[in-house]
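What follows is a set of notes on a single structure, which appears directly below.
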Amino acid sequence: MGDMRDHEEVLEIPDRDSEEELENIIGQIAYRDLTIPVTEMQDPEALPTEQTATDYVPSSTSTPHPSSGQVYVELQELMMDQRNQELQWVEAAHWIGLEENLREDGVWGRPHLSYLTFWSLLELQKVFSKGTFLLGLAETSLAGVANHLLDCFIYEDQIRPQDREELLRALLLKRSHAEDLGNLEGVKPAVLTRSGGASEPLLPHQPSLETQLYCGQAEGGSEGPSTSGTLKIPPDSETTLVLVGRANFLEKPVLGFVRLKEAVPLEDLVLPEPVGFLLVLLGPEAPHVDYTQLGRAAATLMTERVFRITASMAHNREELLRSLESFLDCSLVLPPTDAPSEKALLNLVPVQKELLRRRYLPSPAKPDPNLYNTLDLNGGKGGPGDEDDPLRRTGRIFGGLIRDIRRRYPYYLSDITDALSPQVLAAVIFIYFAALSPAVTFGGLLGEKTRNLMGVSELLISTAVQGILFALLGAQPLLVLGFSGPLLVFEEAFFSFCESNNLEYIVGRAWIGFWLILLVMLVVAFEGSFLVQYISRYTQEIFSFLISLIFIYETFSKLIKIFQDYPLQQTYAPVVMKPKPQGPVPNTALFSLVLMAGTFLLAMTLRKFKNSTYFPGKLRRVIGDFGVPISILIMVLVDSFIKGTYTQKLSVPDGLKVSNSSARGWVIHPLGLYRLFPTWMMFASVLPALLVFILIFLESQITTLIVSKPERKMIKGSGFHLDLLLVVGMGGVAALFGMPWLSATTVRSVTHANALTVMGKASGPGAAAQIQEVKEQRISGLLVSVLVGLSILMEPILSRIPLAVLFGIFLYMGVTSLSGIQLFDRILLLFKPPKYHPDVPFVKRVKTWRMHLFTGIQIICLAVLWVVKSTPASLALPFVLILTVPLRRLILPLIFRELELQCLDGDDAKVTFDEENGLDEYDEVPMPV
């Protein structure tokens, strides 16, 4: 046994203060909770560097720099295998962020947050204060570590010299894992006892402890940790081994804390990653001591980031004790009352976040906190004011457009090569159906609104041509262009205006297209895209709620019209079926109701099915993502099987023909088709052009903002000015050919981005997967547009779709658009007592009556918009909508405090990659479908 006085002679106090090192590390490593700003993080308190003779710190080594990576902690407990009558160390639990415990049947339980008893924390603090610490031990084998540790135990009077041999043999016993045991029915916690006195060895004599180490391990089955731990341990992790055992010949519990000089694979140990720390907890059996819980507390302590960093840099016992006290200060204790509900436990989350926030607040002695402002938790190049901000104005004519081109086009070659991935092909198939379903639905409804002057044929061709050009030239090719609800509302309003003023609707659209091109050139020239920053959630939610109401209203309006055209009668005269009946037809109204309701309910069910527990996750997601086309297909089959009842079908021309060839052709003469277009209207068309531009600007720019969120970790950037020029410019040219203008559709674009996001493996059991990369390329959008264009050849199939089925999809889009709209949630709260209100910021931080006042103002704005939409002045709807922006910016700050507006109007939508808790893309975007 080495003389511990030799260790005492080499002790010296390091020149560098560990407090400074620890502060630097804490400041540089981003805290996992992204809701806590970097500038609000606090370092631990100043740590003393006084040495004690019981701390072993070799002077020849510098304090190792802590790793910011993951840590794997394994708890092994001394057990007796009653079947083989042998003692062995059994892996009882492990931690990779979350805790996994080994059940009695030998199967690993689900990952969960560690919950500790209050006693175990107090007892841990007690044994830590009297423990033995070896910091910076240069050993590469378990036998060497055990010898050093036992020598220190004897030197500090933790154990008697005659106990050394017994404990050494115990520490070097065979290790077993879950797959070695099958189940734990015959494995029980063991207690080391002396059967024949203090001098009689507990274990049989072995010729050499080092050479006979783990002599029976090869017979115990496969080596290594449990399969669960191995598969999910992040690379470059560091292992902490915690050993817990009971020994009745010991007089008191003893703790040994060992930090190796370098994390290395210990000889004689089969662990997945190099070992950096080793904790040994041994003691006599006592009624008030549960060594399993004590080991769990120690293992949980080693998984905590700040304590682990402190342990990596500590020079003495006091530094570790200070860090342990800080750990206890941030631990919550539940009193022994009745078990609270899950909802009540949710209130602990903000309390814990506040404790962590205070723990990481910068100390007064630290440098200016603004030094941390440039840190970007998402791996970007800086904050919103950085030079690469696409919305930053240059002050030059077309400066933003030129900067977009210079930023994005150098990646053009990689936009092609990055598409060489099976995930891109899968995304093409998925997005094709996601784009085709609304194109057919809106095309059919557009034909209804415009007497087939524009319909399915024009919309499919417009979507294909504009989509191909945008995929080739756009700055953000992940945007999906398409027709949307707001544009449908405008088309209906403009068609009614032209009808009432005896104007040719399709010619008026051509002049609107001409003015659209001029308007977008002016806006892009003066970098007007920066205005999107002033459009808050307040305006977005009013806009989305209005469109949802219009969708729902139009669905039932169309259904009522069917009941009026084909009323229910008590008796029917015999009828002969014709292609289009002239009078009432049996069951047409009821069957249309069944088709509409069936399509809606089926689509809603399949959407929720994605988050159910049936079938494997991938199959559920496929069924949920293709819910709309599956619903349409099923209801079309139902309609086909019931041949005796007439239903109105979708009107689709054969081939590349316009929907109404008797009224128009493919090229629109700007002076008029059948009569001269008024000169005054040629110039007055600038007003409706401005309104269309507002709609396209709102949808496209907000969609680009959502898709380009830093959380998505896209590296090639976006181009607000270039994309706006392309979308509006192509829409203006399309009007000359009698085709609809399009915008970037929010839900479809977010779905496209999610489909191309490659998620890495989870950092640990139960942890969320992190983004590995996003396939930012042009080929998927290009192929989707080509397939949509080829769908015009599916006329025999499309013409079999009943309009009632499209009404069901229309209703589905209206209802799903309400998801994620805070305004809708607050309207529901008007009818709930305050005690049933959810625990969310806009409820907790804002008084109830003031929250209802804010909701009431939004409802008034919504009512004004609905009145405008229902009058002949409906064409001015976008202009009235844009007035809500100055209302929010200028008037509401006079009524509400800044904190209240942040809670009620803040952008708290989270990026959704894996659908959990019933959330999907609709919950992420407060924009209409």
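FYI, residue positions are counted from 1 along the chain as it appears here.
For all residues, glycine too, the Cβ spot is worked out from N, Cα and C.
Annotation source Swiss-Prot lists N-acetylmethionine at Met1, citing similarity to another entry.
Under the heading topological domain 'Cytoplasmic', Swiss-Prot lists 1-422 (among others), citing similarity to another entry as support.
Annotated phosphoserine per Swiss-Prot: Ser18 (among others), in sequence order, evidence recorded as a large-scale study or a structure entry.
The phosphotyrosine annotation in Swiss-Prot covers Tyr31 (among others), and the record cites similarity to another entry as its basis.
The phosphotyrosine annotation in Swiss-Prot covers Tyr56 (among others).
If you look up Swiss-Prot, you'll see 58-67 marked as compositional bias 'Low complexity'.
According to Swiss-Prot, the phosphoserine annotation covers Ser199 (among others), on the basis of similarity to another entry.
Taken from Swiss-Prot, the feature phosphoserine covers Ser222 (among others).
Look at Swiss-Prot and you will find Ser363 (among others) tagged as phosphoserine.
Marked as phosphotyrosine by Swiss-Prot: Tyr372 (among others).
Summarising the annotation, Swiss-Prot assigns phosphothreonine to Thr374 and lists a large-scale study or a structure entry as the type of evidence.
The annotation transmembrane segment is assigned in Swiss-Prot to 423-446 (among others) on the grounds of similarity to another entry.
If you look up Swiss-Prot, you'll see 447-454 (among others) marked as topological domain 'Extracellular'. Each residue in the topological domain 'Extracellular' (447-454) gets a DSSP state, and the totals come to 4 helix, 0 strand, 4 coil.
Marked as transmembrane segment by Swiss-Prot on the basis of similarity to another entry: 455-475 (among others). Away from its own ends, the transmembrane segment (455-475) comes close to residues 404-405, 407-408, 435, 439-440, 442-444, 446-447, 481-483, 650-653, 656-660, 717-720, 722-723, 726-727, 730-731, 734, 738-742, 778-779, 781-782, 784-786, 788-792, 798 of its chain (Cβ-Cβ under 8 Å, at least six residues beyond either end).
Taken from Swiss-Prot, the feature transmembrane segment covers 479-495 (among others), and the record attributes it to similarity to another entry.
Annotation source Swiss-Prot lists topological domain 'Extracellular' at 496-504 (among others). Tertiary neighbourhood of the topological domain 'Extracellular' (496-504): same-chain residues 672-675, 677-678, 681, 688, 872, 874-875, selected by CB-CB distance under 8 Å and a gap of 6+ residues from either end.
Counting only same-chain residues 6+ beyond the ends of the topological domain 'Cytoplasmic' (526-537), those with a CB under 8 A from a CB of the stretch are 391-394, 397, 399-400, 697-698, 701-702, 705, 720-721, 724, 822, 885, 888-889, 905-907, 926. Between the transmembrane segment (589-609) and the stretches 719-737, 738-755, 800-818, the greatest number of Cβ pairs separated by less than 8 Å involves 800-818.
The recorded stretches the transmembrane segment (682-702) and the transmembrane segment (479-495) share 3+ CB pairs below 8 A when only pairs 6 or more apart in sequence are counted, and are therefore in contact. Residues 437-438, 440-441, 444-445, 448, 485, 544-545, 547-552, 554-555, 558-559, 562, 591-593, 595-600, 603-604, 607, 628, 631-632, 635-636, 639-640, 647-650, 824, 922, 928-929 of the same chain sit 6 or more residues outside the transmembrane segment (800-818) yet have a Cβ under 8 Å from a Cβ within it. The residues of the topological domain 'Cytoplasmic' (819-856), classed with DSSP into helix (H, G, I), strand (E, B) and coil, number 24 helix, 0 strand, 14 coil. The helix, strand and coil residue counts that DSSP assigns across the topological domain 'Cytoplasmic' (610-620) are 4 helix, 0 strand, 7 coil. Residue counts for the topological domain 'Extracellular' (496-504) under DSSP (helix as H, G, I; strand as E, B; rest coil) come to 5 helix, 0 strand, 4 coil.
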